[in-house]
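Comments concern the structure below.
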Amino acid sequence: MLILETVPLLRREVRRWRQEGKRIALVPTMGNLHDGHMALVNEAHARADVVIVSVFVNPMQFDRPDDLARYPRTLQEDCEQLNRHGVDLVFAPAAEEIYPQGVSQQTYVDVPALSSILEGASRPGHFRGVATIVSKLFNLVQPDLACFGEKDYQQLQLIRKLVADMGYGTEIVGVPIVRGEDGLALSSRNGYLDSDERRLAPRLYNIMMQLASQLENGERDLEALLEQTASRLRQAGFCPDELFIRDADTLGDVNVDTRTAIVLMAAWLGQARLIDNVRIAFNADA
């Protein structure tokens with residue numbers, strides 16, 4: 001497995017594989033890898049000849065400097081895990097390699113329709129940072145496909161729109177959420193939980209599924225349902241951050257044409273901001 005830190009070396013290897021007619025998959029990550037990331041790698045292996053994983057804690061997508069500073073950096077362990085999973089190349093650049101003139105001087109990419117709604121409304125600049133780094137990686141690697149987790153659902157939809165709008169020839173593959181046996185979605189930020197919080201954390205999933213069940217049973221007073229769910233979260237020890245019921249395809253409000261809805265949740269538990277989502281049939285009989 002190759003571990004590269006510079007753009008010229010990355011391009012050299014990509015050029016070689018292209019000349020050999022290889023199909024290339026990219027898995028962008030910020031490191032601190034877990035089984036959810038390995039599911040992305042496995043999906044990439046199933047669809048391509050060569051798997052490239054980027055490990056880059058992207059400063060442009062952090063809206064809080066303290067969050068950026070404390071984000072776990074575990075490159076050695078990440079590379080060992082990726083090597084065991086047969087990854088061909090790890091691209092682990094420094095911030096100066098990606099943003100040589102600094103973040104403030106970097107040309108950026110924005111997807112206005114999806115960057116400022118939902119999670120983007122409370123995290124200004126976050127999705128601009130995501131769109132910019134993904135665009136740069138796509139330009140460097142020109143992958144045939146790229147794998148992203150469905151846990152970050154708004155991010156996944158934003159990247160799909162980015163690819164469609166900009167004419168990238170990259171297939172975007174969404175990979176289902178990987179959960180622990182207790183239902184908690186795997187996340188690098190789960191490491192912020194202490195032992196008591198970790199025991200409590202699966203309640204987020206349980207409460208989300210309770211809301212999903214109410215929707216599937218035909219309850220349609222969405223405002224009341226969201227208030228009930230927020231109350232359940234608070235009673236369980238969470239601090240609700242974001243809670244939405246949206247059309248799964250457009251991320252707009254559900255309406256008579258919605259066939260699949262999605263519940264999007266974010267809540268704080270101690271120092272960890274936990275996110276989750278579930279899609280449900282909506283207006284199935286319409």
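Just so it is clear, glycine is given a Cβ too, placed from its N, Cα and C backbone atoms.
Counting every protein chain shown, the Cβ of SER188 (ATP binding site) has 18 other Cβ atoms within 10 Å. The DSSP secondary structure for SER188 (ATP binding site) is helix. The annotation ATP binding site is assigned in Swiss-Prot to 30-37, 149-152, VAL178, 186-189.
In the shown protein chains, 26 other C-beta atoms lie within 10 A of the C-beta of HIS37 (active site, proton donor). For HIS37, the entry in Swiss-Prot reads active site, proton donor, with the evidence type sequence analysis.
The Cβ of GLN61 ((R)-pantoate binding site) lies under 8 Å from the Cβ of GLY125, HIS126, PHE127, ARG128, GLY129, VAL130, ILE133, each of which sits 6+ residues away along the same chain. Annotated (R)-pantoate binding site per Swiss-Prot: GLN61, GLN155, in sequence order, evidence recorded as sequence analysis.
Look at Swiss-Prot and you will find GLN61 tagged as beta-alanine binding site.
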Which listed residue (MET30, LEU33, VAL178) has most other Cβ within 10 Å, given these are binding-site residues: LEU33
Rounded inter-Cα distance in Å - GLU150 (ATP binding site), HIS37 (active site, proton donor): 11
Rounded to the nearest Å - Cα separation of GLN155 ((R)-pantoate binding site) and LEU33 (ATP binding site): 18
Local Cβ density at GLN155 ((R)-pantoate binding site) - other Cβ atoms counted within 10 Å: 21
